[in-house]
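The coiled coil annotation in TrEMBL covers 224-251. Summarising the annotation, TrEMBL assigns compositional bias 'Basic and acidic residues' to 598-617, 635-644. Residues or ranges marked as compositional bias 'Polar residues' by TrEMBL: 618-634. According to TrEMBL, the feature region 'Disordered' maps to 598-669. Taken from TrEMBL, the feature transmembrane segment covers 6-21, 33-52, 103-126, 146-165, 177-201, 378-396, 425-446, 466-489, 523-542.
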Amino acid sequence: MSGAALGLEIVFVFFLALFLLHRYGDFKKQHRLVIIATLLAWYLCFLIVFILPLDVSTTIYNRCKLAVNSSPADSNGSYITVAPSKQKCFKPWSYIPNGIMPIFWRVVYWTSQFLTWILLPFMQSYARSGGFSITGKIKTALIENAIYYGTYLLIFGAFLIYVAVNPNFNLQWNQLQTIGIAAANTWGLFLLVLLLGYGLVEIPRSHWNGAKRGYLLMKTYFKAAKLMTEKADAEENLEDIMEEVQKVSESIKYNHPLRKCVDTILKKCPVEYQERMGRNMDDYEDFDERQNSYPSEKSLVKLHKQVIYSVQRHRRTQVQWQILLEQAFYLEDVAKNETSATRQFVHTFSSQEPENKVIQYFYTPTVEWYWECLLRPWFYRVLAVVLATFSVIVVWSECTFFSTNPVLSLFAVFIQLAEKTYNYIYIEMACFLTIFFLSICVYSTVFRIRVFNYYYLASHHQTDAYSLLFSGMLFCRLTPPLCLNFLGLTHMDATISHKNTQPTAYTSIMGSMRVLSFIADGFYIYYPMLVVILCIATYFSLGTRCLNLLGFQQFMGDSEMTSDLIDEGKELIRREKRKRQRQEEGENRRREWKERYGNRDDSTRNRVVHTDQKESSFSETNTNRSLSKYTRSNGRTERDRIELLQDVEPLDFNADSISDDPLESDSGR
């Protein structure tokens, strides 16, 4: 089993990252380099989280083996661990041989740092650029990132000057490397505590509110009202951009040098707009014959960028609206079925996607009723209590992990108790649950936050390239300080435990933070205590209230604006529900008409065709060719009239289809 656990987790984490990226990204439409870079960033970050417990168990075994082989009364006092009996010091099932983990961590860490500080920012600017050539996009990306890279070089230079001026330090390559790692981890820890303070409270609270059907339904109505406003704004913005594109397309003719740029812009437009603009593209007159003012290439680059953004936003709002409608309809069905006497779940609308037969066989309407109406609320309540307990333990440990005598951090107590009995399975499970919960609190916040329309992770393949790359940057910057914080909570970091024991392979790659004592002994220890203040602020929804005061509508139960938006969203959902009911009723009537009169129409058509064949054969034998020609044409006209009358299907009354414009009605006929 040596190294087998490492290989299995490497494969499992890859498919996990691929699954999440497929849920948020679009493999068919987005650039392959964007998909590969984002997948690599997510994969490396998830890999660190899953492999670190194996590093901890391997380190505990190495300490045990070293303590057995070394003398307890070492004159140097290099290791203070008491030598246990040789029977207890057995090799764990997931033991990783010496020399593999340092190389593994070095490759993973520096690859993630190269991605987050150099490659991904450059690809962000490249993806958002409206250039028409690779050279133009690269030039735009370099210009946009000049200030970005210069800022971080300035910060690194400040650390370098501090170390150079201090006479106690001798500049060496290892120390310079440690300074760079310290600067990156300091930035990541600053953001980590902010996201962690929000997730520790919001995740248990969201699961507790998930058990309240009325709360979820009201919040869905609120989201519907906000999303309808955003959807209308996206449609209006797209219309304005398409008007500009049409003006540019009409002004720049086919033989203009910039016509290739215009064709590139037209390809990014929706199909209905391309067809509308294509009707006016029959003019091949020379662009030099008339003295018109043509747009410059720079303005076309800007227009191209606006087209990409507006089309992506319009498509995302359309998909999100359909998803929100399905969610609202389902919550309304749950509210109706709670009082059902038959205890069978009845849906108002049938599912638009084909269901799996296996799931449909086991997940019957009766099972669905018991799960949705009885078991699911209690399951969410129990899960919320468990998550809240974990949150309390994390907050307590963040405030007390610096205390080594006595040990107050609960995570350190759990690990040390397991270390005495060398129960490696318990050690790995405790480490995995701890770091997994911390990762969920941080990463879920990254998936939830939204910075206007510039950064937004939308599911169902609706996330743009810029947001995917930005999420990869955040993950790569947050994961290393998250792991160091976890090692500090469990006292596996020698900087926190103040013990001269063998460090983990991950800590050895990070280097000794003693080079910068004010960071190792000050910022890394006392800054995580701010998580208490952030948790209190999140519990009382201070951030939500501040955003609501600034004009950003947030869901608050005691706000008049929230009540108005709930009423508006409820009316929108009711309108869409009536519209879908009319559509299903019309489809059902058409289906019944075809089932009832389909065979009769086929027999009538056969009789008419047979009669026409007789008439045509009789007219061919007639000597008068002019009369036979008239008879055939008259019979064919009568046959066409009969068939047209028979093909008519019953029409459903729809007030939206009635137009006051007679030209539109004629075109419809």
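Including glycine, each Cβ sits where the backbone N, Cα and C put it.
Within its own chain, the transmembrane segment (425-446) is flanked in space by residues 49-50, 52-54, 56-57, 60, 92-94, 192, 195-196, 198-200, 202-203, 387, 390-391, 394, 411, 414-415, 418-419, 457, 471, 474-475, 478, 482-483, 485-486, 489-490, which lie at least six positions past its ends and keep a Cβ under 8 Å from the stretch. Among the recorded stretches 146-165, 177-201, 378-396, the one sharing the largest number of Cβ pairs closer than 8 Å with the transmembrane segment (523-542) is 177-201. Between the transmembrane segment (33-52) and the transmembrane segment (466-489) there are at least 3 Cβ pairs closer than 8 Å, counting only pairs 6 or more residues apart in sequence, which means the two stretches are in contact. Here the transmembrane segment (103-126) has Cβ contacts under 8 Å with residues 6, 33-34, 37, 40-41, 44-45, 47-48, 51, 55, 137-138, 140-142, 144-145, 148-149, 152, 184, 466, 469-470, 472-473, 476-477, 479-480, 505-506, 509 of the same chain, all six or more residues outside its ends. Over the coiled coil (224-251) the predicted model carries a mean pLDDT of 92.
Counting residues 6+ beyond its ends, the transmembrane segment (466-489) has Cβ neighbours under 8 Å at 21, 24-25, 30, 34, 37-38, 40-42, 44-45, 48-49, 52, 56, 109, 112-113, 115-116, 120-121, 123-124, 127-128, 181, 184-189, 191-192, 195, 394, 397-398, 401, 409, 411-412, 431, 434-435, 438-439, 442-443, 446-447, 454-458, 495-496, 504, 506-507, 510, 524, 528 in the same chain.
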